[in-house]
Amino acid sequence: MSTKIDETITFECETGNYHTFCPISCVSWLYQKIEDSFFLVVGTKTCGYFLQNALGVMIFAEPRYAMAELEEGDISAHLNDYEELKTLCIRIRKDRDPSVIIWIGTCTTEIIKMDLEGMAPKLEYEIGVPILVARANGLDYAFTQGEDTVLAVMAHRCPEQEFPIGESKETKTKTKLFPFPLLKEKKLVEYANHPPLVIFGSLPSNLVSQLDTELRRQFIKVSGWLPAQRYADLPSLGDGVYVCGVNPFLSRTATTLIRRKKCELIVAPFPIGPDGTRAWIERICPVFGIEAQSLEEREERIWESLKDYLDLVRGKSVFFMGDNLLEISLARFLIRCGMIVYEIGIPYMDKRYQAAELALLKDTCIRMCIPIPRIVEKPDNSNQIRRMRELQPDLAITGMAHANPLGARGIGTKWSVEFTFAQIHGFANARDVLELVTRPLRRNENLDNLDRTTLVRNNNEFYTSTPTPR
């Protein structure tokens, strides 16, 4: 007997609040990605405590970020903000000599209306170091959108595309330095003659190399990445340049690239999981008139290598509470692995930027013959917990605040922040995603095998108890 599956995606919006990790945490991975940068977070002691605890980096390690702590004098306007920030930036230039200083605005600077954008142009002219201002406050932005605001601001500083299509800056430079044929050039890949392609999104260097290699196999050359490892290496942007994102939380950056820099956006699913990576490449290739090759076989090999994990997750259920805006991509991948997704909570949803990802989610659900999960934007945690009590999922992917309470109620949990910091992009890293997902499932199965599944408190001490046979 065949059953008809609803093929429409249901969107809902609840309270309008952001129950997420603080967006200033983007400093933790961006300062490592942009090697010659320095991040100055302008906020209160609370922001400082958060960075100290969340990043786990001690001050004496001299990381390339710092706190400009606001005091009562700053808030009551008794102190000159410009002079205070100037003193700090001069000290940063002297001690660390960065190529760029990035000010990160917080909730406090937003509330007291501190004019960081007005001060930065004058100050960067005085000290001779570029200063970018990114508002990453938790009032307006969710967890990973902190990176989005930084990249959107950085896109404004990218140079204009100067070289004719088909002739790169690297080619012209090599011709000037070596006016004779290079023997090594014979070993290089013959790239197709296509317009410049810039990929935006912060990924570790090894992931950048992996995705570059995947596109190189299709004879596509990546002209640059935003952000680059060094500020001076920011890619050239302009009319005729194609851009494509690797993360679903970069809608503001995409809008800036389209409207301000006149780039052409390639709307594609995101390269998370073998299915997403294949779809990402298949969306890029036709834009340049190239037919994708050998992707189906490559994807099948990856799925075959994941068989041990797939046997463990098949038929298990998962509930996304919403935190890092990776929820749609992760849900699509887990559905393809055979899991059942009850609900996808997400802090913010840009349907235009994630259109291709949503289409792939729908196609995946139809292929796996399961209902399309409903998507709840800005979910109310109380309502979610009520729904979880009814559904009893095997796993909840949630923020840190809810992990222990849910675990105490017998629901396996995984911190969503772990997916943010893990390497989950590309063909080769699908195993890492499943390792994160299956860890709590394996732990619960081991407890079941021991018949020790509950905690009992006696005289202020906890003991594991064996359920009474019925």
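Glycine residues also receive a Cβ, built from the backbone N, Cα and C atoms like all the rest.
Model, not experiment: these values are computed from the prediction.
All protein chains included, CYS47 ([4Fe-4S] cluster binding site) registers 24 other Cβ atoms within 10 Å of its own Cβ. DSSP classifies CYS47 ([4Fe-4S] cluster binding site) as helix under the three-state reduction. What Swiss-Prot lists as [4Fe-4S] cluster binding site is CYS22, CYS47, CYS107, and the listing cites sequence analysis.
Surrounding the centroid of the Cβ atoms of CYS22, CYS47, CYS107, where the record places [4Fe-4S] cluster, the chain contributes additional residues within 8 Å, namely PRO23, ILE24, GLY43, THR44, THR46, PHE50, THR106, THR108, ASN137, GLY138.
All protein chains shown were included, and the count of other CB atoms within 10 Å of the CB of CYS107 ([4Fe-4S] cluster binding site) stands at 20. A 10 Å cutoff on Cβ-Cβ distances gives CYS22 ([4Fe-4S] cluster binding site) a total of 22 other Cβ atoms nearby, all chains included.
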